[in-house]
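So that you can see what the record holds, here are the features copied from Swiss-Prot:
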ACT_SITE  Cys290  active site
ACT_SITE  His458  active site
ACT_SITE  Asn478  active site
DOMAIN    232-540  domain 'Calpain catalytic'
MOD_RES   Met1  N-acetylmethionine
MOD_RES   Thr95  phosphothreonine
REGION    541-701  region 'Domain III'
REGION    702-813  region 'Domain N'
Amino acid sequence: MDASALERDAVQFARLAVQRDHEGRYSEAVFYYKEAAQALIYAEMAGSSLERIQEKINEYLERVQALHSAVQSKSTDPLKSKHQLDLERAHFLVTQAFDEDEKGNVEDAIELYTEAVELCLKTSSETADKTLQNKLKQLARQALDRAEALSEPLTKPFCKLKSANMKTKTPPVRTHFPLGPNPFVEKPQAFISPQSCDAQGQKYTAEEIEVLRTTSKINGVEYVPFMSVDLRERFAYPMPFCDRLGKLPLSPKQKTTFSKWVRPEDLTNNPTMIYTVSSFSIKQTIVSDCSFVASLAISAAYERRFNKKLITSIIYPQNKDGEPEYNPCGKYMVKLHLNGVPRKVIIDDQLPVDHKGELLCSYSNNKSELWVSLIEKAYMKVMGGYDFPGSNSNIDLHALTGWIPERIAMHSDSQTFSKDNSFRMLYQRFHKGDVLITASTGVMTEAEGEKWGLVPTHAYAVLDIREFKGLRFIQLKNPWSHLRWKGRYSENDVKNWTPELQKYLNFDPRTAQKIDNGIFWISWDDLCQYYDVVYLSWNPALFKESTCIHSTWDAKQGPVKDAYSLANNPQYKLEVQCPQGGAAVWVLLSRHITDKDDFANNREFITMVVYKTDGKKVYYPADPPPYIDGIRINSPHYLTKIKLTTPGTHTFTLVVSQYEKQNTIHYTVRVYSACSFTFSKIPSPYTLSKRINGKWSGQSAGGCGNFQETHKNNPIYQFHIDKTGPLLIELRGPRQYSVGFEVVAVSIMGDPGPHGFQRKSSGDYRCGFCYLELENIPAGIFNIIPSTFLPKQEGPFFLDFNSTVPIKTTQLQ
């Protein structure tokens, strides 16, 4: 953070606050006083040497408190008339026409200029306001002159050479989907594929195209991947834009007080997209999206602290400086990271209000500022409406930013948690700007929540992390913008606060008692005790290289549970070139979700398991033991971290796993690495397959070779193979039985060489599944005897042969 820049921000906000205060524009004054105070707080954190900085902070916050009553009592200015709004739309049409004009998009520019002229003339004929008529006619004249100037070269033969160099309107072309961040849209870092790639990034396989096409339809609406062509999206229209899909479904709580849908110009005289990006100004209402609002808050805080576009870069239209701007025509486009790629979401600006005219969605404390409400609306549209089932910040922040999600459970039996190591890591990474953080409470009784000032299963934004003389603190924001922690170091704690600590944390309990904005300090120990999960979102720019694969796992492939066999699980080879000093490789598994019910009742428990098997396929879950085992969680995102310390080539097998496979899933595996690597699906060398359906029944359930009298009664099959080649044999039986098989050579064609054998087995008997893989089996005739470990274990089985040459099979017994 730059202390000088923050000091300048504070001066600018204070000047605007005083100006609005003198003009009687109290709502805007309140907003800017708060922003001035926040800028000073951040400036002090960054090492500002300004004198009496805490006094100034208190002064601004006290003025905020004093103005609240004035805001309530002051009558609002009359809203703009329809004809004044038409003039604003005409101005926007001309502005957009001028942008197309500058780019040389002649036909687009002419169309927009013409529509502006028609709107000006129509409105001028409807209004009796002479001043307004003059403005409309003047604007119409300017637009008409430019439209005619552009049209003239297109109609004169002697200007054909000149006009040939001018761009004419071409239909936008949407090619294959981008695999990662679009190089035309954002420039954080180059995402270069270690696989085959072209000049613009990674190529798609036919399977990937089908996966992304299938999961483009979310809750019945298609959200296409965001492409460079979408930067030419049209936003200017003579009439207010209305989403063709209609209004969003409201939540039950909204319906109880809902009055109507309004546009920003129905609420304020001066709608603006963004006055200033601030986490302090964001307020959640009755939509159950606390994690989403917390995600907005920390994204805004990050953008403010590090002066890097994060949340403001996802909403369009934007001006030439890349700043989102208010559109009087009411159309907006938001880029969200959904189901493997950034996707395009179109919304109008209609928002729900109650009978008092108060918004029933999240909003900025500056009622003229729109970005909070519009980004929330875009996300709610994708999720099927404001009747949002709830989420977590990992999911929401990934959708908003594309940053890498990680989950730290503080009270989990399956995940170890180190309080000291976690704080040290969070402190260092937070202040470097590497990570966004939220914290969520777990289930608690109403009495517990009331006692501690906490909301059960609620997400809080982490705004700051500090350490002072061995004491460790986290600053949190409740998305409700009220209701704070009541335990140690709350504003009412008279025992633990010292003048020294207050100065270090820029916190005055007496001032805080005057206004509840939902922001508070809590000790790290108390957070670990009373909160349940910390959600992290990591900046992908930390990694030099990244690539991904989009794929599908069919529910019909393999057993419901993979506790005994991984033969049908998707598997990938990851080969990493680790430099001196070590490196980190992260693998993110993301399941695509296309239905609100699936989102609300996520029953798919996914994980990623890592094996050190040189990139070869793994068949048994515990043989060899996993290098990194996965915890199966019902979240759409699962992050695996591989830490390398030894220089050289490291090769891993990555296995996608589920707890109980109920449905076909579509997913993306994305690898982030600080060093070069290759990543690909493990190919099958086999081109032919044959299955035998058999059963152990009565006498033929003879058991293993330990039971000599009955073993000879087991089914016996014979197979003929004409050429030497690789062979994979798999036996699948009832899970409650341990199964195995033997292969016995009957006759070998020619010299078998080193690959000849008399007898081979599948090894130890295993529950429900076993296999034998031979790199080169000589041509010849072989018998195979499948059996259960114990006699009299009856049931069906499948015997699968996978090869590169035809195999003939017969049953001998």
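Any Cβ shown, glycine's included, is placed from N, Cα and C.
Neighbours of His458 (active site) among the recorded positions Thr95, Cys290, Asn478, defined as a Cα within 10 Å of its Cα, are Cys290, Asn478. Break the region 'Domain N' (702-813) down by DSSP state and the numbers are 7 helix, 61 strand, 44 coil. A count of other CB atoms within 10 A of each Cβ picks out Asn478 as the most crowded of the recorded positions Thr95, Asn478.
In this structure, His458 is the one among the active-site residues Cys290, His458 with the smallest number of other Cβ atoms inside 10 Å of its Cβ. Cα to Cα, Cys290 (active site) and Thr95 (phosphothreonine) are separated by 37 Å. Asn478 (active site) and Thr95 (phosphothreonine) are 40 Å apart (CA-CA, integer value). The residue listed as 'phosphothreonine' carries a helical DSSP state (H, G or I). Following the DSSP three-state reduction, the secondary structure of Asn478 (active site) is coil. Secondary structure at Cys290 (active site), taken from DSSP and collapsed to helix, strand or coil, is helix. His458 (active site) falls outside any helix or strand according to DSSP and counts as coil.
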